[in-house]
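**Student:** Take this structure first; my questions come after.
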């Protein structure tokens with residue numbers, strides 16, 4: 001029995017140490033700016049063109065490319081999760097790799113397993129919905145301005161992966177299955193993004209509009225990537241996967257370098273810009 005004035009090791013006033021999943025960190029994701037959307041769209045384009053480059057130009061094939069890129073993503077994501085705050089280089093490298101892996105997962109299910117684009121689109125939509133439901137049930141928020149724990153960050157990256165896979169399937173479904181072509185598909189998804197932005201400006205909550213825009217920028221970027229890289233006889237501009245990938249990767253690197261120096265997209269605790277997102 002503890003002596004008077006001496007606190008027992010089992011005192012109820014002592015707070016247990018938080019687990020690595022619930023430990024409070026600085027916010028791990030960037031502020032939503034024009035640069036954010038520009039890099040994100042280019043990352044989706046790179047996901048489409050880089051996957052094709054590795055599969056066909058390098059000749060690795062779909063399965064080998066998928067294994068290599070998945071292993072690389074796992075390693076970089078593990079490093080990202082260990083960080084205690086948002087670091088532009090690490091964050092955007094994960095986004096680019098998730099874009100590539102999301103494309104490969106969708107392509108593998110359609111091309112190798114023979115699953116229809118309609119089925120994969122519905123399946124990824126259900127998986128994304130389940131992720132959002134589990135995230136909200138656990139954390140009571142889907143706001144990216146509250147990614148202060150690793151558990152929330154894990155939910156965040158799971159949602160990001162499914163948005164890329166869903167966007168790939170939906171984009172291919174519109175462009176190829178329905179035969180609308182790359183340019184018209186880009187116009188369709190661009191118009192939908194504009195509609196989401198208009199809804200946000202007219203007062204629709206920032207959380208659903210952010211995630212709707214995030215999903216739609218994937219097929220928009222993929223359609224733009226196909227439009228730029230594919231040969232003219234298939235409806236593209238013929239820049240090739242190599243040229244398109246290099247152009248966008250260099251641009252992404254320049255913007256990420258700028259953000260790393262200026263820190264203009266860093267969210268401080270208590271920031272109120274776009275509070276719901």
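Every residue gets a Cβ built from N, Cα and C, even glycine.
Not my notes, these are from TrEMBL:
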type	residues	note
REGION	1-20	region 'Disordered'
COMPBIAS	1-12	compositional bias 'Basic and acidic residues'
TRANSMEM	54-79	transmembrane segment
TRANSMEM	91-109	transmembrane segment
TRANSMEM	115-134	transmembrane segment
TRANSMEM	154-174	transmembrane segment
TRANSMEM	180-200	transmembrane segment
TRANSMEM	207-225	transmembrane segment
TRANSMEM	237-259	transmembrane segment
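Describe the structural surroundings of these features, if you would.
**Tutor:** Sequence-distant contacts of the transmembrane segment (115-134) (same chain, six or more residues past either end, CB-CB distance under 8 Å): 106, 109, 142, 155, 158-159, 162-163, 165-166, 169-170, 172-173, 176-177, 211, 215.
Packing against the transmembrane segment (180-200) from elsewhere in the chain are residues 171, 174, 206, 209, 212-213, 216-217, 219-220, 223-224, 226-227, 230, 235-236: each is 6 or more residues past its ends and has a CB under 8 Å from a CB in it.
Beyond the ends of the transmembrane segment (237-259), by six or more residues, the same chain brings 30, 35, 38-39, 42-43, 45-46, 49-50, 52-53, 56-57, 88-89, 92, 96, 225, 227-231, 265 to within a C-beta distance below 8 angstroms of the stretch.
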